[in-house]
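As written in Swiss-Prot, here are the features:
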type	residues	note
ACT_SITE	Cys389	active site, nucleophile
BINDING	Cys81, Cys87, Cys90, Cys162	[4Fe-4S] cluster binding site
BINDING	Gln265, Phe294, Asn299, Glu315, Asn342, Asp363	S-adenosyl-L-methionine binding site
DOMAIN	10-68	domain 'TRAM'
Amino acid sequence: MAQFYSAKRRTTTRQIITVSVNDLDSFGQGVARHNGKTLFIPGLLPQENAEVAVTEDKKQYARAKVVRRLSDSPERETPRCPHFGVCGGCQQQHASVDLQQRSKSAALARLMKHDVSEVIADVPWGYRRRARLSLNYLPKTQQLQMGFRKAGSSDIVDVKQCPILAPQLEALLPKVRACLGSLQAMRHLGHVELVQATSGTLMILRHTASLSSADREKLERFSHSEGLDLYLAPDSEILETVSGEMPWYDSNGLRLTFSPRDFIQVNAGVNQKMVARALEWLDVQPEDRVLDLFCGMGNFTLPLATQAASVVGVEGVPALVEKGQQNARLNGLQNVTFYHENLEEDVTKQPWAKNGFDKVLLDPARAGAAGVMQQIIKLEPIRIVYVSCNPATLARDSEALLKAGYTIARLAMLDMFPHTGHLESMVLFSRVK
């Protein structure tokens with residue numbers, strides 16, 4: 001006769017151990033060793049000892065959380081933001097900026113198997129010129145939440161301040177909250193974006209139901225009183241301009257217009273320095289033909305055109321190609337052309353590529369540029385600058401160039417997002433003669 005037993009829940013006792021942290025990974029986690037295994041502990045810094053509880057134990061590594069910190073690193077800082085540790089935006093406000101830059105540079109050097117030549121950085125606070133804040137109506141309290149997502153969660157942290165935002169945007173937070181919280185449609189708001197352009201401040205409101213005339217009037221009054229350009233987005237395809245003209249920002253002596261939803265680099269200071277250094281590394285000469293792949297609306301393309309004989313910008317998004325052409329006209333640049341192409345196909349067969357290029361710049365998305373590396377090699381440029389927002393795909397794509405006879409001449413860590421785990425970089429490849 002079969003006997004049945006009630007299942008017993010498997011219990012695991014979290015092991016408490018004492019560790020010494022000897023490194024910081026690029027995500028801001030302390031790194032220690034225990035029983036021959038690497039242990040990652042958020043919140044700890046090198047030279048700190050702590051009692052920690054193991055939360056995840058894998059074959060090659062383990063994760064733990066701090067139970068009690070026993071000592072403090074000389075590079076520990078008091079976080080400026082009251083939401084740090086709960087908000088998912090920043091991971092490293094407890095570490096000095098110098099330590100953050102060293103740990104990211106070390107991670108980049110390991111991946112690229114090459115020393116980092118320099119760190120390109122700007123101000124570590126008040127650098128973000130764009131932010132998207134989630135909105136959520138709470139029926140019980142009839143209040144509107146406005147903020148960023150919690151780390152590893154879809155819950156919203158109700159943000160009152162954010163010291164990495166441009167000061168103009170941070171100062172707007174309580175005013176925007178009060179305005180949106182007074183709308184009849186606050187149950188039907190998705191998110192609000194704030195953008196600080198050279199031309200002024202933008203507010204883009206995503207709403208999921210039609211706005212009443214009273215709500216529209218409130219928003220218009222608010223935009224006028226705060227000097228904002230106001231845009232309404234009833235869905236992902238439609239953008240209604242309520243007030244303001246085409247926004248623009250300055251970049252290396254040029255004026256670049258953009259649509260409120262277009263991608264622009266969040267850190268204006270690092271962007272300026274990055275573009276200037278890219279031009280310097282390419283050593284652009286008056287007779288050069290230069291190719292800019294994944295060119296967007298011309299962030300690199302147009303500055304390149306001020307120095308080269310001709311520049312071709314290639315982009316996969318038609319609207320950005322159109323914006324690049326418009327920006328070339330606005331800046332009086334007649335030696336630059338933009339093309340919409342599928343960059344997974346062989347662009348070297350296009351008529352505009354028949355004369356080849358002396359220099360190439362590429363700035364792909366996180367997926368990298370595996371599909372175009374062989375095309376670049378076929379063009380035989382003397383110098384290549386690769387701008388990357390993902391060091392793993394950069395390392396992968398670099399292998400093709402190294403095998404084709406190029407060498408890494410310069411490697412820079414771009415501190416585009418201080419206090420976060422984001423690591424951006426730029427590499428100069430030179431062809432071996």
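Any Cβ shown, glycine's included, is placed from N, Cα and C.
A quick note: this is a predicted structure, and the numbers were derived from the prediction, not measured.
Annotated features, which come from Swiss-Prot, shown on the structure.
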residue: Cys81; record: [4Fe-4S] cluster binding site; contacts (Cβ under 8 Å, 6+ apart): Cys87, Cys90, Gln93, Gln161, Cys162, Pro163, Ile164
residue: Gln265; record: S-adenosyl-L-methionine binding site; contacts (Cβ under 8 Å, 6+ apart): Asn271, Met274, Asn299, Met416
residue: Glu315; record: S-adenosyl-L-methionine binding site; contacts (Cβ under 8 Å, 6+ apart): Phe294, Cys295, Gly296, Val321, Gly324, Phe338, Tyr339, His340, Glu341
residue: Asn342; record: S-adenosyl-L-methionine binding site; contacts (Cβ under 8 Å, 6+ apart): Gly316
residue: Asp363; record: S-adenosyl-L-methionine binding site; contacts (Cβ under 8 Å, 6+ apart): Asp292, Leu293, Phe294, Cys295, Gly296, Asn299, Phe300, Tyr386, Val387, Ser388
residue: Cys389; record: active site, nucleophile; contacts (Cβ under 8 Å, 6+ apart): Ala365, Arg366, Met416, His422, Glu424
Mean per-residue pLDDT computed across the domain 'TRAM' (10-68): 89
Shell of the [4Fe-4S] cluster site beyond Cys81, Cys87, Cys90, Cys162, same chain only (C-beta within 8 angstroms of their C-beta centre): His83, Phe84, Gly89, Gln93, Phe148, Val159, Pro163, Ile164, His419
For Cys87 ([4Fe-4S] cluster binding site), the three-state class that DSSP assigns: strand
Distance in Å spanning the most remote Cα pair of Gln265, Phe294, Asn299, Glu315, Asn342, Asp363, given for S-adenosyl-L-methionine: 23
Secondary structure of Cys162 ([4Fe-4S] cluster binding site) (DSSP, helix/strand/coil): coil
